[in-house]
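Now, the feature entries from TrEMBL:
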- GLY113, ALA114, PHE146, ASP237, GLU238, VAL239, GLN240, THR294: pyridoxal 5'-phosphate binding site (BINDING)
- ARG149, SER293: N(2)-acetyl-L-ornithine binding site (BINDING)
- LYS266: N6-(pyridoxal phosphate)lysine (MOD_RES)
Amino acid sequence: MQTLFPQVTINPFNADSFNEAVMSTYARFPLALERGAGCRVWDTDGREYLDFVAGIATCTLGHAHPAMVEAVTRQIQKLHHVSNLYYIPEQGELAKWIVDHSCADRVFFCNSGAEANEGAIKLARKYAHTVLDIEQPIILTASGSFHGRTLATITATAQPKYQKYFDPLVPGFDYVAYNDIRALEAAISELDEGDYGVAAILLEPLQGEGGVRPGDVEYFQRVREICDETGILLIFDEVQVGMGRSGKLWGYENLGVEPDIFTSAKGLGGGIPIGALMSKKFCDVFKPGEHASTFGGNPFVCGVALSVCQTLEKENILQNVQDRGEQLRNGLRAIASKYPDLITEVRGWGLINGMELAADIELTAPDIVKAAIDNGLLLVPAGPKVVRFVPPLIVTEAEVKMALQALDKAIATVATE
Ligand SMILES: *Cc1c(COP(=O)(O)O)cnc(C)c1O
């Protein structure tokens, strides 16, 4: 694949001066990436890597895809930002595409996954006050979940490691075990007391950061029934698993249930920052002035995201996600079978897959990721014991094969240490 622009070289890269100027919120791998094409990226020393991270399940069409290059160029030349004070045609077209391709009736655009989830939380609270007549609404979320890094979304994220030192947290959240219907039923009846009541249940159809844990079909179908019986809103966080990553356009299609509200971000813009909040039925809960975003839905991001959506459809990429996903899982299982003491499970949907390491050994997911980098393959952990595979959705059969070979070599080096 050809890029339109000359290669920019920031070599030699100086990590010390980087760290002097940038807050140390990330433990970074010692690698500075400067260009990409398709599923390949190159570092500042010119080394090539196969990218099975894709900006963490974000670069749907890989790097420098001609459709994105064309859309970015066209949109920046035409109009890139105005304000939601006015009608934005690209925003309307993207919303229409999402509505035509999901259970949603209407869309609100913002800039990130956390911000989309914030919108969902606000919508659920207003719905609870104005429709369910609950004075102290509670939103239930699942242990092991991940919903973002703002104050409300770290509170929604039922993992203490994301909350430590940031208290007081936001009130109005409670947690239940994932895929456990008894725990959910118990929590709902326990919380229905005085002014309190459950307003919404917020779940990932497949938990991404929590270790690539797919939702259980029976569990999700029963959750849907409970919500239908009680009026509790069912909210799905599709930020990581949505936009084709699971082999279906939306993660919920793997579970046979539709949410009342769902959120998207990561893969939606193929790597340009966009978030979206989708609602079915409960679309006019927000009135003008009650929720907003300066950048949300601007002509630039919507024009580019629309081209990503149309390319996904036109090039039948969902079929590739299913085929390459199966190839990848088969290959991972073949590797796992060589190391039964190290690798306990391979699981996932489409092109979001996890390889779990045994709990009783010292080897961690970051150890495997480091060894993979040394073998030219970029991977990302999902928690301390799960290695995650989330390549661009355009990954080819040959690239999956290459990645499996690199991983096999990488594991051989750490397994003998
Ligand atoms: C990444 C992620 C988020 C947060 O998205 P940001 O764009 O980083 O705010 C929320 N939910 C899920 C499931 C995610 O994977």
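The first residue you see is number 1, and the count goes up from there.
Yeah, the Cβs are placed from backbone N, Cα and C, and that goes for glycine too.
DSSP assigns ASP237 (pyridoxal 5'-phosphate binding site) to a strand segment in the three-state reduction. Among the residues GLY113, ALA114, PHE146, ASP237, GLU238, VAL239, GLN240, THR294 said to bind pyridoxal 5'-phosphate, no two Cα atoms are farther apart than 25 Å. Measuring Cα to Cα from VAL239 (pyridoxal 5'-phosphate binding site), the recorded positions that fall within 10 Å are LYS266, out of ARG149, LYS266, SER293.
You'll find the Cα of the residue listed as 'N6-(pyridoxal phosphate)lysine' roughly 6 Å from the Cα of GLN240 (pyridoxal 5'-phosphate binding site).
Proximity of the binding-site residues (GLY113, PHE146, ASP237, GLU238) to ligand 1: a Cβ under 6 Å from the molecule is found for GLY113, PHE146, ASP237.
Following the DSSP three-state reduction, the secondary structure of ARG149 (N(2)-acetyl-L-ornithine binding site) is coil. Each of the binding-site residues GLN240, SER293, THR294 was scored by other CB atoms within 10 A of its CB, and the lowest score goes to THR294.
Here the binding-site residues are ALA114, VAL239, and the one ringed by the most other CB atoms within 10 angstroms is VAL239. Across the structure, THR294 (pyridoxal 5'-phosphate binding site) and ARG149 (N(2)-acetyl-L-ornithine binding site) are spaced 20 Å apart at their Cα atoms.
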